[in-house]
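Trainee: Sharing the features that TrEMBL gives for it:
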TRANSMEM  B:49-80  transmembrane segment
DOMAIN    B:49-233  domain 'ABC transmembrane type-1'
TRANSMEM  B:92-113  transmembrane segment
TRANSMEM  B:119-138  transmembrane segment
TRANSMEM  B:182-202  transmembrane segment
TRANSMEM  B:214-233  transmembrane segment
Amino acid sequence: MSDAPALRLSGRAKIGAAPIFGPLSLRAPAGEWTCLLGPSGVGKSTVLRLFAGLGDGIAFDGEAVAEDGVRLDGRVALMGQSDLLMPWLDATANVTLGARLRGTSPGRDRAREILGRVGLSEHADKRPHALSGGQRQRVALARTLMEDRPVVLLDEPFSALDARSRAQMQDLATELLAGRTVLHVTHDAAEAARLGQTILLMTRAGIASFPPPEASTPRLYDAPGTLAFQGRLLRLLMDTR
Amino acid sequence: MRRAARIGGVALTALLLWQALVTLAELPRFILPGPGLVFATLWSSRALIAEHALITALEVLLGLGLGAVLGFASAILLTASPLARSILRPMLVFSQAVPVFALAPILTLWLGYGLWSKVAMALLIIYFPVTSAFFDALMRTPPAWLELARVMNATPARVLWRVRVPAALPGFASGLRLAAVYAPIGAIIGEWVGASRGLGYLMLLANGRAKIDLMFAALIVLAVLTLLLHAAVDAACRRLWER
């Protein structure tokens, strides 16, 4: 995806009188996977919401923009911890939701192809209640891919899955989202160590960048380099307040 | 099957208590007839009762259908338009402060002694529960779905129609279930105030002539009709949601 822009945020945010994060700045390089790692409550999700244009109710003094100068509206896809599938729609209809909400052609063939890529060809006609948690999150990934947006914002999308499904989803997402600018909010050091091409640690003190191991992503979960880096990230997380 | 057996058991117990009360208190038949006499009258007057029951059933079904359509449309309007919300919502609440029963005579005056004054009563009595149950559900769409739709650049009309309405259908269904029980009350009140046909009219007539057995027979038929309607609406709503 050659038109994937870099993302930049600088400023401070409050909800009412309560500060969420102080003055900080971060940059997610174009076409790369950036993990925004940090403990709960430091405002990671707020960063995503600002990029997604969902900043109502957040008093934000600063800017959250694409570096190519074009507005982010309409160039962003969002995937969260909850799959947000509509229970009355089958998997295919859920994947084509965006088109149907915009009143454009749903492209059912492409939806089926994408469902095939996430390994759900057999389940295209099933409703969410007939799918496992991991399968539902694959449908959500397919819906995100169907949107075909250059910027993808992930808010702990794998944290509710069991360890095996999580590792599989990490591999799948890395493969299918390659080339897009991905900003991935997570509180899991192991996940950041596997997936991040850029790793930003967000704490009350601000944002610090930590260069990940050389290996290409998704890094092997049991490679010594990955494990050592994961340990280091966890240590940093533990030492922050 | 076990549910049917339980219902049968409850009904049988109620009938036995009823008979025991009549026998032990030596109640005359013009005060409270025993179940045996009521069921005998129900059978011997079946043609008469069926004729009136059909009228009442028609009034109830028309009132329920029209009330459901109006309630559905009103809730959508209230959701879609903040202006409508600010004007209509206080009016809706105020309308509930007026007992619908008190309107029955005026409705009969306006719409005549025939079918439509009773349909209007049934409609009025269910309009608010249907509208408010559906509207409340429409306003409770999970915010995360609405945010997802926003990031997808959805148009407001499509969000309403493809996300909010389907998500609120269970609320609409619970409004309809209540309506199925309320609508017959509306029709009967309408018939009491002024009618020449219908179960309410028959009950009033029987009461006046001290034919309490016929009154109870009509009452039983009315209760059974209401239960059947409730079960039918319940089944329809389930099907709607599972489809």
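Cβ atoms here come from the backbone N, Cα and C positions, even for glycine.
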Trainee: State the non-local partners of the transmembrane segment (B:49-80) in its own chain: residues 6+ outside its ends, Cβ under 8 Å from one of its Cβ atoms.
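Mentor: Those are 42, 88-89, 92, 115, 118-127, 129-132, 134-135, 138-139, 156-157, 160, 164-165, 168, 172, 175-176, 179-180, 183-184, 186-188, 190-191, 197-202, 217-218, 221-222, 225, 229, 233, in sequence order.
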Trainee: Can you work out which residues elsewhere in the same chain, 6+ from the ends of the transmembrane segment (B:119-138), have a Cβ less than 8 Å from its Cβ atoms?
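Mentor: Residues packing against the transmembrane segment (B:119-138) from afar: 59-60, 62-64, 66-68, 70-72, 74-76, 78-79, 92, 95-96, 100, 103-104, 107, 111, 164-165, 167-172, 174-176, 178-179, 182-187, 189-190.
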Trainee: Cβ under 8 Å, sequence separation of at least 6 from the ends of the transmembrane segment (B:92-113): give me the contacting residues as numbers and ranges.
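Mentor: Beyond its ends, the transmembrane segment (B:92-113) has Cβ neighbours at 74, 120-121, 124-125, 128, 131-132, 186, 189-190, 192-196.
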